[in-house]
Every structure is written in structure tokens, then in C-alpha cells.
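**Q** Let me begin by handing over the structure; questions about it come next.
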Amino acid sequence: MERTFLMVKPDGIQRGLIGKIISRMEDKGFKMIAGKLMFVSEELAKVHYQEHEGKPFFEKLVNFITSGPVFAMVWEGDDIIALSRNLIGKTNPSEAMPGTIRGDFASHATFNLIHGSDSKASADREIGIYFTPEQLLSYDKSISPWI
Ligand code: RTP
Ligand code: MG
């Protein structure tokens, strides 16, 4: 069972899309094991997005992520890192297909509603900077063996 870090970004909170975004993940059969509404500090934003430091959009990205509350989550499921990235859709709005979260609800390269870890190493790192091990819940969700 794989885990990933997902985060509804400030535009998703402002636009009232938390529920719809969570529904997409629930509909796929994934299980939320942690979640919190929180502000991201400038320091945390820079740690989270450290791979993008120096890129032209970095300052805009940090300003955006710190502009209002986010909903940070950990989700669990088979192959969830790749599958949730498919549900999220591409970063470039012209490549984000209808049916994906970004394809259906976003039209901007930076203000794109949701973050999802892009690899096992990123997921482990990001889960570790937003949550303590005790905050990751263990419980049964009876969808097996259907999904
Ligand atoms: P994320 O990390 O947030 O899940 O998004 P991603 O993998 O699809 O995209 P990534 O390349 O990691 O970029 C991180 C976030 O930076 C903002 N961005 N703005 N050209 C731009 O203005 C631009 N490019 C990237 C987006 O918020 C993107 O999700
Ligand atoms: Mg990324």
C-alpha cells in the first residue's frame, strides 16, 4: 500500500472546491489517513518547493501558497502516487485533460488547485514535513475487494 501527500492550494479553498477534490480521490477508492486546514509559512513553502528554487515562477509560487489556508492531506492506495497525479492532471493548463481536477477546474499554470507528490521519495519527504507519524491514522475502510 502506497502513500502520497496531497494539498488543496489556497485557490481551491477560496473557490470552495475542497469537497469536490476530496470526492475525486474517494471515488477512485483511495483512503484519507490524515488531513488539516492550515497556513503554510514562507519557511515551510520554501522547504516544500525547494526543488523549484531559482526558477522564474518560484517567488510567485511561494507568495501563492502562503496567501491563505491550504488543506494538507495524506492518502493511501495501490499505486496512488501515479494514479493521483493522473486524477490531478498536467501542470500546463493547455495539457490538463478534461476529466482531471486541473482540466475541469483550473486554467492557470500557477493557480492550479492541488499539489500531489511526484515520486515515492517526494511523498515520504512531504508527508514528513507536514505531519508527525502519530497523525497518520490506521483504520479499516471496507472497499476491499471491490477497488
Ligand atoms: P505540484 O508540485 O504543485 O503538485 O505541481 P506539479 O508537480 O504539477 O508542477 P511543478 O512543476 O512541480 O510546479 C510546482 C507548482 O509551481 C507552480 N508553477 N507555476 N509557469 C508557471 O507559472 C508555473 N509553473 C509551475 C504551480 O503551482 C505548480 O503546481
Ligand atoms: Mg511538483
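Note: Cβ is positioned from N, Cα and C throughout, glycine not excepted.
Dumping what TrEMBL says about this protein:
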ACT_SITE  HIS115  active site, pros-phosphohistidine intermediate
BINDING   LYS9, PHE57, ARG85, THR91, ARG102, ASN112  ATP binding site
DOMAIN    1-138  domain 'Nucleoside diphosphate kinase-like'
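Looking at the shown structure, what environment does each listed feature sit in?
**A** DSSP assigns HIS115 (active site, pros-phosphohistidine intermediate) to a strand.
Counting only same-chain residues at least 6 apart in sequence, those with a Cβ under 8 Å from the Cβ of THR91 (ATP binding site) are ARG102, ALA109, ASN112.
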**Q** In the structure shown, which of the recorded positions LYS9, ARG85, ARG102, HIS115 has the fewest Cβ neighbours within 10 Å?
**A** ARG85
**Q** Among the binding-site residues LYS9, ARG85, THR91, ARG102, which have a Cβ atom lying under 6 Å from any atom of ligand 1?
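**A** Going through LYS9, ARG85, THR91, ARG102 in sequence order, those close to ligand 1 turn out to be THR91.
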**Q** For the domain 'Nucleoside diphosphate kinase-like' (1-138), DSSP counts of helix, strand and coil?
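**A** Taking the domain 'Nucleoside diphosphate kinase-like' (1-138) as a whole: 62 helix, 28 strand, 48 coil.
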**Q** Could you state, as a whole number of Å, the largest distance between Cα atoms of any two of LYS9, PHE57, ARG85, THR91, ARG102, ASN112, the listed ATP binders?
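**A** Greatest Cα-Cα span of the listed binding residues: 21 Å.
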